[in-house]
Structure formats: C-alpha cells, structure tokens
Amino acid sequence: MYNVAIVEDEELERRALSSILTRNRSEINIIGEARNGAQAVDLLDNHSIDLMLVDINIPKPNGLEIIQIVRDRQLHTKIIILTAYDYFEIMQTAIHLKTDEYLLKPVRTEALLQAVDDCLKELGSHRTNSEIAGQIWYLLEQNCYCDCLSQVRRHIEWIYAQKGVSPRQSILEFSTAMLELTDEKKLQLPDALLDQINNLQGHKLDGRSRNAIQDIFCQMIDILFEVSEDHFGRSPERMQNVLNFIERNLHKAITLEEAADCASISPSYFSRLFKKTMNETFIAYVKQRRILRAKELLISSDLPITNIALDLSFQDMNYFSKVFKKEVGLSPTEYRRQAS
C-alpha cells in the first residue's frame, strides 16, 4: 500500500480526488486530507507519505512552500501539483523543486490516474534500501512508531512482490542499511537480535520466510524506538498517558494489548517499557491499583463487598478476597471492620 495525502482547500475537489483514487487504485491508502498549509505540515509531521497531491493556491503556507518543506526534510515523497493557472513562473518553480507531475484544473480522471501511476512506478523502482532506512529513522525521531512498522512491512511486501527477482539480495541490503543506521546513530542492539540479522545470510529468504523476516525487522524497530524514546526523553509523557488510561478503566478487564494501543506502541515493547519505568509488570501494577481502590471503597462507602469486587472487574468474589488478603494481610471484611 502507498500512503497518499491530498492538500486542497476546496472540499468538493478533495472529495472528488479521494473518490477517484480509492475507486480506481486499490494499492492506495488516503492517509489524510488537508485544506490549508498548516494541516499539510501536520500530516508531514505525523505520517509517512509516499505521494502528495498539492494545490498551489492553498492558504499559508502555500503549495510551493509545502513542497519546499518536503524537499528540505529530504523526504522521498512524490509530488503532483494541482493548479488552475498555466503560469511559466509556477512551472519554473515546480521544476526547481523537482515536482514529479503538474496537472491543470479541472483535473481529468485519466490524467490524474496516469500521473499517479507514473509516481507509484518510480516509488517502487527507485527507492533504495538506504533511503527507506533513512526515512525510518526520521519517523523514529518524529515519534511515529506505527508509521515505522508500516514502512517496514510495506517495504518487505514490495521486495517479495517483485516478479522474476529473488528477494534475497534486497533483504540482505536492507538489513545492512538498517545496521549501518544503528552504527551511525551509535545505538546498541541486543546480541540476540544481531545474531538473527546476521544469520539472514544463511537463510533461503524465499516467500515462505516473509513473515519471519518481517518479525525480525519489526523487532529491530521496537529496539530502535525504545532507544530513541530515551534519547529524546519521550517515555515519561507516554507512560503518564497510560497510567491515566488505567485509572479511568479499573472497572474494566484492561489488557496489556489495550494499554499498548493507548501508547501507540507494540505490546512487546510496551511490556518492556512499563517494567523499566514502573519497576513492576503491567499486571502487577493494575492489580495493585485495584486493591488500593478497593481499600478506599471499603472505608468510604457502604457498598457490599461483592459489588466492590464487581466494580473493579473481579468476577469471582473468592478470588477477590484471596488477592486482597495476599496484598493487605486482611480479608476485605476484616479490613472494613478494622478501619471502622
């Protein structure tokens, strides 16, 4: 799948462009739409965008300034300019900014699809493994974990989709590019993961190994993201959001997967991050918070103990009493009696 963004201030135009692309090109994912330059910059900050359709005459920053931002960031996003004016100056600036296609409004469906096809073809054939690795690091810096994983999976899928070409060489080149990236950034990967990557040399790397290959590279993203979290100091804010989520949902059967989703990271990485930050496991922390809330309710309310247990997602009264006594040293009944 290719992520496409539409930057157009006219709502009807945006809808029409989105409709044409989604109906005619199944490999396209409309990652976002923007009606002005500020929203376009926000899309660039938060998403990996393969292709951007940009109207020149959007509110500040204008279309040409948005394209300049793309080039300044050294992104490999393809650009299709949309304009109602056939001005030489615009064409000259567009050429200088290495715009990929230039379409006059009203845009004809055939012309749009042809321009998009040309851009996607170049995306598939010209993006090197080093370029992909560089974009992944940029996404890590921007805190776009999910986009990193999508980029890796999409690249692996593309490698295996090439007709008549063995994926082996491209996979090895991609692994080399990623390792060079970690060396350049002075990042340390665990020995076990390094062994898996280095052992790729001895694998067939055919279609049957695709899922295993994706898993290895996604593990690498987990580690890189964890290191970058420490480097950029983002872990405390992310963890506070999760702790707030837990407090709001103590009455539910919260799973580690749900908490990881709240943090926008993978369950495996979330589990490590939680233990590292809180000095206890996610399950132990949730249990401890529920027992603390139970103690508060036993003292401050006349609710039956069964109701308190149910309110804190303990479906079995005996299990609640057992856990409570293990943590507090008294049964719920004894604790309430002693507190009163």
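Heads up, the Cβ atoms here are built off N, Cα and C, so glycines get one too.
Sequence annotations record features per position, and here TrEMBL assigns domain 'Response regulatory' to 3-120. Residues or ranges marked as 4-aspartylphosphate in TrEMBL: Asp55. Taken from TrEMBL, the feature domain 'HTH araC/xylS-type' applies to 240-338.
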If you average per-residue pLDDT over the domain 'Response regulatory' (3-120), what number do you get?
85
Please give me the CB contact count at 10 A for Asp55 (4-aspartylphosphate), counting all chains in the structure.
24
Would you list the DSSP helix, strand and coil counts for the residues of the domain 'HTH araC/xylS-type' (240-338)?
74 helix, 0 strand, 25 coil
Going by DSSP, is Asp55 (4-aspartylphosphate) sitting in a helix, a strand, or coil?
strand
